[in-house]
Amino acid sequence: CTVIFTRVATKDLHKPISILFCNLAFSDLFTSFSGFWISMLFITNPDITIFGSKDMLAPYALYTMSILSTIYNLVSIGIERYLAVAESMRTRFRVARNHSIAIVIINWILAFFLGCLPLMGWNCLRTEKNLSVLYSPFCVDYLIFITIPNIVVAFIIPLFTYLRIIIILRKRKLRMKACGQATGTYKSAEIQVARTSIFIWLLALISYAPFFAGVIFDATNHQCPVDLYPGVYIFRNCTAMLITMNCLGNPIIYTLKAKTLGAKLKALKCLSTNRVRACTI
């Protein structure tokens, strides 16, 4: 909410990448909200979260939609950063504000469609066959259909984009060094991109790998849900907590570390005590 408020309140941050950052914050907000909804259902009626119920379809669908939107936003940010670096010396293409808005709309449409498939009928409410143990009444084949392609997208595309950014920066640094020019800026940018990409990979690995392992276990498990209680459901809750923690990590890595956003946060804070001075800054 802090990221959303700051970016909306400061007009000079309405840039293409800022739109993607703000949309990422919206996705994380929806993920946290849907996780809170599921937690309240677990507290008030644990049986429906274990054995499945029609009441779980809507919160699980919202949870899936928000997670998919977060993944697509992370991929979009990586692609935008790559295009910004790769095309910085060319004038034939620029990532404009309209492009970012179109990407945001496409991401939400795709996430909404895939996340709402169980509400459209792809669920196992009326049959015990192919029923998910961890996320009943979802079907196992639906979880596999959603998880495996998006895990590949979330890991392969950011790996390619950030590695390409590092390679491009290194080539330009070597070219400037050969011409006898200063390379401190490119060296600093290369280190910052490398550090950020490592943080992204670690955060994604810690957040989504346990969930992926749970889906694989769900697909290969043939035991009764009662026999798995409570250990496997504790593991499921831990995976949900890690995904929610990812919603806290994304603003830290992508936005709150930015010096511009930090300055704007400080300006907004000072606005209540010294409005004239803050506006001048």
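Each Cβ is built from the backbone N, Cα and C atoms, and glycine gets one as well.
Annotated features in TrEMBL:
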type	residues	note
DOMAIN	1-254	domain 'G-protein coupled receptors family 1 profile'
TRANSMEM	17-40	transmembrane segment
TRANSMEM	60-79	transmembrane segment
TRANSMEM	100-122	transmembrane segment
TRANSMEM	142-167	transmembrane segment
TRANSMEM	198-217	transmembrane segment
TRANSMEM	233-256	transmembrane segment
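Through the fold, the transmembrane segment (198-217) approaches residues 74, 78, 134, 143-144, 147, 151, 154-155, 158-159, 162, 232, 235-236, 238-239, 242-243, 245-246, 249-250, 253 of its own chain, all at least 6 residues removed from its boundaries and within a Cβ separation under 8 Å.
Within its own chain, the transmembrane segment (233-256) is flanked in space by residues 2-3, 7, 21, 24-25, 28-29, 31-32, 35, 38, 42, 49-50, 67, 70, 74, 77, 134-135, 196, 199-200, 203-204, 206-208, 210-211, 214, 262, which lie at least six positions past its ends and keep a Cβ under 8 Å from the stretch. Residues 64, 68, 71-72, 74-75, 78-79, 81-82, 85-86, 114, 117-118, 122-123, 132, 135, 190, 193-194, 196-197, 200-201, 204, 208, 211-212, 215, 218-219 of the same chain lie 6+ residues outside the transmembrane segment (142-167) yet bring a C-beta within less than 8 angstroms of a C-beta in it.
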